[in-house]
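The block underneath contains the structure these notes are about, expressed in structure tokens.
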Amino acid sequence: MDKKVVLITGCSSGIGLSLAVRLASDPDKRFKVYATMRNLAKKERLLECVKGLHKDTLDILQMDVTDRQSILYARDRVVEKRVDILVCNAGVGLMGPLEVQSLDSMRRILEVNLLGTIQTIQAFLSDMKAQGQGRILVTGSTGGLHGLPFNEMYCASKFAIEGACESLAVLLQHFNIHVSLIECGPVNTDFLVNLQKVELEDATLQQVDAQTISFYEKYLQHCSSVFQNAAQDTEDIVKVFLDAIQSPSPAFRYFTTSVVPPLTKLKMTEPDGSQYISAMSKIIFSAEDQ
Ligand SMILES: NC(=O)c1ccc[n+]([C@@H]2O[C@H](COP(=O)([O-])OP(=O)(O)OC[C@H]3O[C@@H](n4cnc5c(N)ncnc54)[C@H](OP(=O)(O)O)[C@@H]3O)[C@@H](O)[C@H]2O)c1
């Protein structure tokens, strides 16, 4: 049987790297993986993980999702001339009080997380339609389902992806193309290191009022404790990707924990939003500030 051709964005680290390694190491060699990354100088980490054993199941290509030419160039290097499973995973974060975020930083996160994902899908869509089959998997975030203070632009980018993917899914089912979002909570990756974050000692914070800074301090403590105590490993996320890939009729949305996180549920079941806002605020900023 022909191998399924998989192309993954953002494979220099984290979820993308783990997924590429797992699929390229499939014991039954069911996948040919094109692991893409914007900076090929970072490919050693991936190569170390696969230990040179996967010459027939793995290729590494340069792809910057913000650069249409680089997407098209990578697409044209796919030897099989088709992609069965496209994984849009590349993403960046931006954290801090909204008042200090520069227009450039805000543009950048939208360019990577939103437009980068969409223009990657665009580049492969016509061929997938012509093939009459395909899978598009997108690394989503619970931050795309409910808001998180000090992550306005990150959440905006991930919310927008939800809308774009849901809209596409309605149409693409008629082409036998399944769109799925893998909704992750905190995951142990380089994400927090790579994240563009306003530090408490940054001079830019001088323009921000003391109350907001105090809330930001609490948020940073909350965030680090959540990542220390509740972050999943990339292997857990990869299992969920595999479930979606192997399902004959994949769901639109997969959660990476067995139960939908209570706050996510609250957002979905209480549509007027006030209960979610109050619960999230209580959790992060503590009861005495309500
Ligand atoms: N970790 C979490 O807690 C978490 C939670 C929910 C959702 N997610 C989502 O999971 C996805 C993967 O993140 P991760 O946790 O694995 O973090 P990560 O280790 O920082 O990986 C992010 C990947 O995206 C790549 N990337 C960034 N900008 C790019 C661009 N313009 N073109 C191509 N690749 C680009 C990075 O490449 P460079 O090495 O070149 O920067 C890196 O390979 C993201 O979409 C993120 O939003 C993560």
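Placed from the backbone N, Cα and C atoms, the Cβ positions cover glycine too.
Over in TrEMBL, the protein carries these features:
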BINDING   10-38, ASP64, LYS158  NADP(+) binding site
BINDING   SER141  substrate binding site
ACT_SITE  TYR154  active site, proton acceptor
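Sequence features annotated in TrEMBL and their locations in the structure.
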residue : record                       : DSSP (3 states)
GLY10   : NADP(+) binding site         : coil
SER18   : NADP(+) binding site         : helix
ASP26   : NADP(+) binding site         : coil
TYR34   : NADP(+) binding site         : strand
SER141  : substrate binding site       : strand
TYR154  : active site, proton acceptor : helix
Rounded distance in angstrom between the Cα atoms of GLY10 (NADP(+) binding site) and SER141 (substrate binding site): 15
Residue among recorded positions ASP26, SER141, TYR154 with least C-beta crowding, 10 angstrom cut-off: ASP26
Among GLY10, GLY14 [binding-site residues], residue with fewest other Cβ within 10 Å: GLY14
Largest tally of Cβ atoms lying within 10 Å of a Cβ, found at which of the binding-site residues SER18, ARG22, ARG30, TYR34, ARG38: TYR34
Inter-residue Cα distance where the pair is SER141 (substrate binding site) and TYR154 (active site, proton acceptor), in Å: 10
Close-lying binding-site residues around ligand 1 among SER18, ASP26, SER141, where CB distance stays under 6 Å: SER141
Nearest recorded site to the residue listed as 'substrate binding site' by CA-CA distance, among binding-site residues SER18, ARG22, ARG30: SER18
